[in-house]
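Engineer: Features from TrEMBL:
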{"type": "DOMAIN", "residues": "1-84", "note": "domain 'Pyrroline-5-carboxylate reductase catalytic N-terminal'"}
{"type": "BINDING", "residues": "Ala55, Val56, Lys57, Pro58", "note": "NADP(+) binding site"}
{"type": "DOMAIN", "residues": "147-250", "note": "domain 'Pyrroline-5-carboxylate reductase dimerisation'"}
Amino acid sequence: MAYAIASGLVEKNFPCRLFHFDRDSAKYVRFESIGSSSCWKLEELLEACDTVFFAVKPQNFDELLAQMNGFPTGEKLFVSIAAGISTGYLAASLGRGAKIVRAMPNTPLLVSMGATALCANEQVTPQELCYVQQIFSQLGVCEIIEEELMNAIIAVNGSSPAVVYLFVKAFVDGAKEQGIDEQLAFRLFCQSVLGSVEMLQSTGKSPEELIRMVTSPGGTTLAILDSLEQSHFSEAIADSMRACTRRAQEIGK
Ligand SMILES: NC(=O)C1=CN([C@@H]2O[C@H](COP(=O)(O)OP(=O)(O)OC[C@H]3O[C@@H](n4cnc5c(N)ncnc54)[C@H](O)[C@@H]3O)[C@@H](O)[C@H]2O)C=CC1
Ligand SMILES: O=C(O)[C@@H]1CCC=N1
């Protein structure tokens, strides 16, 4: 995710200098290839940067924060993209005055089609939050929400790309089973997803209205929708979203 954000900023010519630190130096080649400067110690990076992104897995936060070892946070802006990690948890370690933005982006950032949700603690000024929003807006859409919804939003944008890929795979597999060429089904289905999203965004019609436009009485669409609902499709999605939020709470701090 760190590389997706950094490379997206470089591609968009966002005015900034980039520095990276990772405990795995094999990761450095990629970052250096986009002009980011390698730091061999966390302190080096902290000294060089005004805005610091934390992009380690939630389970690595304790060791990361321990490495910071009371480094003065000053006026620095910290941005964490980790699922479940609260601004309160970070402030407890970084210091009460630390300016912290919590973000939930997603992998489509890599193709500048990301969707990011942000919140900030009270130390962050509206201008600073706006700056972080500008960063993520280079890479797609970016919305500001309340921190109490940050775990629940993960199902909506952070994890949902995986569900979309599963959905595509299920359709392509289903097509293959009925004798359709896999690549052809992939092309037609991806375009159907793209076109449907464009319809949602450009016509202003609700999902229900657009469903009605596709569904002829007694027709094929009714058959596919009825079959999905018999398999409790909507309920399964709602259940899966609750599971996602619960997991964020479990791994969260
Ligand atoms: N992958 C995704 O779709 C999304 C991930 N996130 C969040 O982004 C964060 C990173 O996820 P990924 O990029 O998928 O993980 P990743 O495993 O690809 O990258 C994490 C990097 O952190 C480094 N690292 C671990 N502990 C470290 C330490 N103590 N000091 C320095 N470097 C350390 C690892 O070497 C690794 O290169 C996670 O917290 C995740 O919740 C958020 C939204 C979407
Ligand atoms: O699976 C995860 O924990 C991360 C957070 C959102 C997407 N991937």
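Here the Cβ of each residue, glycine as well, is placed from N, Cα and C on the backbone.
These figures come from a predicted structure and were not determined experimentally.
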Engineer: DSSP on the domain 'Pyrroline-5-carboxylate reductase catalytic N-terminal' (1-84): how many residues come out helix, how many strand, how many coil?
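Structural biologist: Summed by class, the stretch gives 37 helix, 12 strand, 35 coil.
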Engineer: Counting by DSSP, what is the helix, strand and coil composition of the domain 'Pyrroline-5-carboxylate reductase dimerisation' (147-250)?
Structural biologist: 89 helix, 0 strand, 15 coil
Engineer: Taking the Cβ of Lys57 (NADP(+) binding site) as the centre, count every other Cβ atom within 10 Å, in any protein chain shown.
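Structural biologist: The Cβ of Lys57 (NADP(+) binding site) has 11 Cβ neighbours within 10 Å.
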Engineer: Measuring CB to CB from Val56 (NADP(+) binding site), give everything in the same chain under 8 Å that is also at least six residues away in sequence.
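Structural biologist: Val56 (NADP(+) binding site) has long-range Cβ partners Leu64, Ala82.
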Engineer: Does anything in the same chain, at least 6 positions from Pro58 (NADP(+) binding site), have a Cβ under 8 Å from its Cβ, and if so what?
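Structural biologist: Non-local contacts for Pro58 (NADP(+) binding site): Ala82, Ala83, Gly84, Ile85, Ile251, Gly252, Lys253.
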Engineer: Inside 8 A of the center formed by the CB atoms of Ala55, Val56, Lys57, Pro58, which other residues of the chain have their CB, for the recorded NADP(+) site?
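Structural biologist: Going along the sequence, the neighbours come out as Phe54, Gln59, Asn60, Phe61, Leu64, Ile81, Ala82, Ile85.
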